[in-house]
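Q: Sharing a structure here in structure tokens format.
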Amino acid sequence: DTNRWREQTANQDYKTKSVPGEPVKTDKNSRRGNWGNQIEFILTSVGYAVGLGNVWRFPYLCYRNGGGAFMFPYFIMLVFCGIPLFFLELSFGQFASQGCLGVWRISPMFKGVGYGMMVVSTYIGIYYNVVICIAFYYFFSSMTNLLPWTYCNNPWNTPTCNGVVTPRGINNTLANVTRSLVTGAAEVAVEVVNKTKRTSPSEEYWKHYVLQISDDIGNFGEVRLPILGCLAVSWVVVFLCLIRGVKSSGKVVYFTATFPYVVLTILFIRGITLEGAVTGIKYYLTPQWHKILDAKVWGDAASQIFYSLGCAWGGLITMASYNKFHNNCYRDSIIISITNCATSVYAGFVIFSILGFMAHHLNVDVSEVADHGPGLAFVAYPEALTLLPISPLWSLLFFFMLILLGLGTQFCLLETLVTAIVDEIGTDWIVRNKTVVTGGVAIVGFLLGVPLTTQAGIYWLLLMDNYAASFSLVIISCIMCICIMYVYGHKKYFKDVEMMLGFPPPIFFRVCWRFVSPIIISFILIFTVIQYKPITYNDYVYPGWSLAIGFLMAMSSVICIPIYALYKIAKSEGTTFLERLKNSCKPDVKWGPALSEHRIGLYATPGSEGEVEVRPLKEEGMRSASPSRAATAQQHTTLPPAHRGPHWASASPHPTLSHSTPQRGGEPTHWRPLHIVRAYYF
């Protein structure tokens, strides 16, 4: 039965023998390759979804939007938007066994969506590796007896520097002396400290030593050679881990995807033992229920779910394309999505326990030390670590965790681009020499990242982070849902998923794919537009020309969609525009499962054992059918390749697609070609 078949094929190759003595057919794709096992795919997807944003963005959003009350809209959005979209992308890539370009054989006019995903992944991959390289820099800087951002007695410090740790042998008063008054023989030390302009040693280390930040985004200054060197290290590490594609990265993720949880647990145990940790956690979790009525809270929850899962980047489609055809991606999508969100919540405990301790030490409110983004990762948290005994050890662990979290996402970003290029060109040479493509993409990514290592690099990094992957992702995701559900057809796609998994998508997901998720995505887009504010960095306001560049980056991925659509319509057959439009939307002849043994029913190739034979309509008792329709049906002994689908098969090994399937009341229902003719011709 179906359950037994599903259990037998869940964790092993799906094998069939149609004729005794013939070679065994398997799910393995020898040309593209597959994951070594299902665990590799899950760990890779977890590493892709769980990134830096889970550590440096979610805890701050939760604290700012009502603490524990924020969890309610957050998990509502996870259920109705996050998991359904995650499942949609995984099933999409797994069914076609193609990357973010090849899957659009489903409706060639929308291939521009795939190019848009590539553009987004390119932008993110460029600046994401710069963040990783800065984490590498801090990691190497932590290999010392004393963290360099502990005190204010360094050449790069300014008079406003006021550390939380006082050097040994210097009392607190004299440490803050800025001026001496001499009257006669007496010298009086006067403490003159402007508390309102206090800057921490970690902030000055970040700005004046690591970045040596310039005063304007247009003033590039010099390339920071230490940062450039770390950027080269980052790209080399990514390349080596992907040198054999998913075969090598699938082994690396056993460490890169799991060890961050070990570090989080170590930091959590250390954090909750510190004085003031409970206060910090209360700030993080104490619910402010009145904020649930604020639309901004719901918008932030939806946006965080959408962006943290990596939807519309192309990575989910790419990773799923290396699954075996009958892998249960429905189960995987639930596991990975819940793991991602649970990690965000868990990271909040780690962050706010340490920030609570820091606030207690400084005798200030937690809100004064709470931050997000690079400010949290490279300023606030490193400063808090200086208060701990053996602070270099904790710093090494923290930044090593950031490196691993970043690499997990970067692996998938680079693989997305490489897979799309290899699948699109598709020659034997490029398939055999995929490593060359990987190296080429890595070199280009390194060169494009060099401007971000200059003294103005942080301005450009934040500009790319705010614009390159903002509302464009929402538009891409919305168009993807519309194409699959309404252009290709939801009924056909549901049957495709049923053919692949052995069971149809649950009705909840069918409703979400068709209605709920697109509505939520539209809400996110509207919210993003309404809440838009020009980007700033601390007190620096970005000039108008730089904001224009940001909008161009955002639009460069979206504009791919209409440009390619117009190109495809112009190249399609037809005498009128509507005919060309209709033909450009039809599935390509190559759409469907990649392996021939999976191309059954309407996807079967002529003469194969899975080919469907169309019988005369009169056999179905449809005597009322028009003569023209009956003649059309009798003229076609097999359906043309462009219209073949998995819905009815004459020799299907699939248990749920056999000719005789029990229905209610025990009466068998015989799958007749009439249904195919009705669905695809009339």
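Every residue, even glycine, has its Cβ placed from backbone N, Cα and C.
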Q: Out of N340, N363, N433, N466, which does TrEMBL tie to the same Na(+) 1 site as G47, V50, N54, S308, L405?
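A: Candidate listed by TrEMBL for the same site: N340.
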Q: Suppose I define contact as three or more CB-CB distances under 8 A, residues 6 or more apart in sequence; do the transmembrane segment (113-140) and the transmembrane segment (305-322) meet it?
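A: Stretch pair touches.
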Q: How long is the line from the C-alpha of G47 (Na(+) 1 binding site) to the C-alpha of C152 (disulfide bond), rounded to the nearest angstrom?
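A: Counting only the Cα atoms, the answer is 37 Å.
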Q: If I take the Cα of N340 (Na(+) 1 binding site) as reference, which of the recorded positions A49, C152, C161 has the closest Cα?
A: A49
Q: Among 71-92, 225-246, 393-414, 435-461, point out the range having the most Cβ pairs under 8 angstroms from the transmembrane segment (258-285).
A: 393-414
Q: Give the distance between the Cα atoms of V50 (Na(+) 1 binding site) and C161 (disulfide bond), rounded to the nearest whole Å.
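A: The Cα atom of V50 (Na(+) 1 binding site) is 35 Å away from the Cα atom of C161 (disulfide bond).
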Q: Indicate the candidate from A49, V50, C152, C161, L405 with the smallest number of other Cβ atoms within 10 Å of its Cβ, considering only these recorded positions.
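A: Comparing Cβ neighbours within 10 Å for the recorded positions A49, V50, C152, C161, L405, C161 has the fewest.
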Q: Take a look at 393-414, 435-461, 467-488, 508-532, 544-567 and tell me which one has the most Cβ pairs under 8 Å to the transmembrane segment (71-92).
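A: So the stretch in question is 508-532.
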Q: Express the distance between the Cα positions of A49 (Na(+) 2 binding site) and S308 (Na(+) 1 binding site) as a whole number of Å.
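A: Rounded to the nearest whole number, the Cα-Cα distance is 6 Å.
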